[in-house]
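J.: One structure follows; several queries about it will come next.
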Amino acid sequence: MLRFRCILSTSRSIMSGVKEFDYLVIGGGSGGIASARRAREFGVSVGLIESGRLGGTCVNVGCVPKKVMYNCSLHAEFIRDHADYGFDVTLNKFDWKVIKKSRDEYIKRLNGLYESGLKGSSVEYIRGRATFAEDGTVEVNGAKYRGKNTLIAVGGKPTIPNIKGAEHGIDSDGFFDLEDLPSRTVVVGAGYIAVEIAGVLANLGSDTHLLIRYDKVLRTFDKMLSDELTADMDEETNPLHLHKNTQVTEVIKGDDGLLTIKTTTGVIEKVQTLIWAIGRDPLTKELNLERVGVKTDKSGHIIVDEYQNTSAPGILSVGDDTGKFLLTPVAIAAGRRLSHRLFNGETDNKLTYENIATVVFSHPLIGTVGLTEAEAVEKYGKDEVTLYKSRFNPMLFAVTKHKEKAAMKLVCVGKDEKVVGVHVFGVGSDEMLQGFAVAVTMGATKKQFDQTVAIHPTSAEELVTMRGGVKPE
């Protein structure tokens, strides 16, 4: 009987010219693939549509190649300090082409692993660009598909400003297409993407200028983190040139191919590469969402509820196109939980968008989880918030001429001083934060932090030995 129903369903699908799936996923990025493969574990039929390389932003032009380039730039810093540790090493030459070739080969292998994963999970991989038709089906290269449930996970693309000559620059995705290290670079933006790219280029030897609209970078992060990184960029020993309160007004390309960047505070000449890193827009316009009643905000982000439902029944969305926490692990977690809810009877399974840890691969590093000081004050009131802070010199730089500071902050609330925010600036922040994120998620208190015996000598021990709490200013 079950086989008869399957044959009947397939016959109807063929006769109607529409191929049907229990779950149709539009977008082969981290969130879409994670949700598709998890759905297959529950025995449903799944189709996945993608027009570009599998893996989406993270694998191809985001966190993975970015981390490779960050690691590369770290080696330049190590070489800088080698003499102070007794090594006779100098940086004679850096070959951008070598690391680009190795990085691109690594990404290509990951693309292949994603495709193998889909095949191994029996997810049907449909290559092409998707758009909703008037009848509610999804069209790809002239063929029609329909999902009993349809997931939109198409991600986003970099924003290009409406400025005269803006087309002479490249976007943050284009950074990974550069064939050589630019002799002089201008990066525009104050968010984590701009900060990371500028730091990599500056440390690898490009004369790099970071242009920010206001007086600080990372203004949405905790004030301590924003202040510390901005101050570090202002140091004479930092190879980066920071231009505060600066906006680009015009870009002029000369006959020699070099750019002149006119700004509100001056002119930067002989620029080989201009990189726009001012934000990202969702890739939703080409989907024709209005045909199926999916509502978006004014920026084009898909509006979803706490269960990832859109305004259209049976159509859901996760990832960057929802505008919530543009982070790969968030998209993966939301996508997998969604599949559990839709296909495994877990009707209340959803991602809670709280205490999500993140790291900025800046120079120095930043790690953060939970509420900022300002958010805690707004949520609980100033009288309920207690702050613990520490600023010190990491041991790595105890014997080097070059010095870097580290800074840490715990944001605690209530009489029991529940830790609701952990913010870390300095070497090692990326690797130390994950464990503290678990503690924050579990609701640990300052007393429990204090009862933890420190690992010495480490930077992380500061987080369990801080004393002298203060109130917000």
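Glycine is no exception: its Cβ is also placed from the backbone N, Cα and C atoms.
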J.: Swiss-Prot pairs Cys63 with one of Cys58, Cys72 in a disulfide bond, so which one is it?
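T.: Checking Swiss-Prot: disulfide partner of Cys63 resolves to Cys58.
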J.: Quick check on the annotation: Swiss-Prot has Ala190, Ile193, Glu196, Arg213, Arg219, Gly279, Val359 binding NADP(+), so which of Leu258, Leu326, Leu387 does it put in that site too?
T.: Leu326
J.: Let me know the most crowded of the binding-site residues, choosing from Glu50, Glu196 and counting other Cβ atoms within 10 Å.
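T.: Compared across Glu50, Glu196, the most Cβ atoms within 10 Å surround Glu50.
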J.: Given the recorded positions Arg37, Arg336, His456, state which is nearest to Glu50 (FAD binding site) when distance is taken between Cα atoms.
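T.: That would be Arg37, nearest by Cα distance.
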J.: What are the non-local neighbours of Val359 (NADP(+) binding site), defined as same-chain residues 6+ apart in sequence with CB under 8 A from its CB?
T.: Leu365, Ile366, Gly367, Thr368, Ser429, Asp430, Leu433
J.: Please work out the number of neighbouring Cβ atoms within 10 Å of the Cβ of Arg213 (NADP(+) binding site), leaving out its own Cβ.
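T.: Other Cβ atoms within 10 Å of Arg213 (NADP(+) binding site): 15.
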J.: Which of the listed recorded positions (Arg37, Arg219, Arg336, His456) has the least company, meaning the fewest other Cβ atoms within 10 Å of its Cβ?
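T.: Counting other Cβ atoms within 10 Å of each of the recorded positions Arg37, Arg219, Arg336, His456, the minimum falls on His456.
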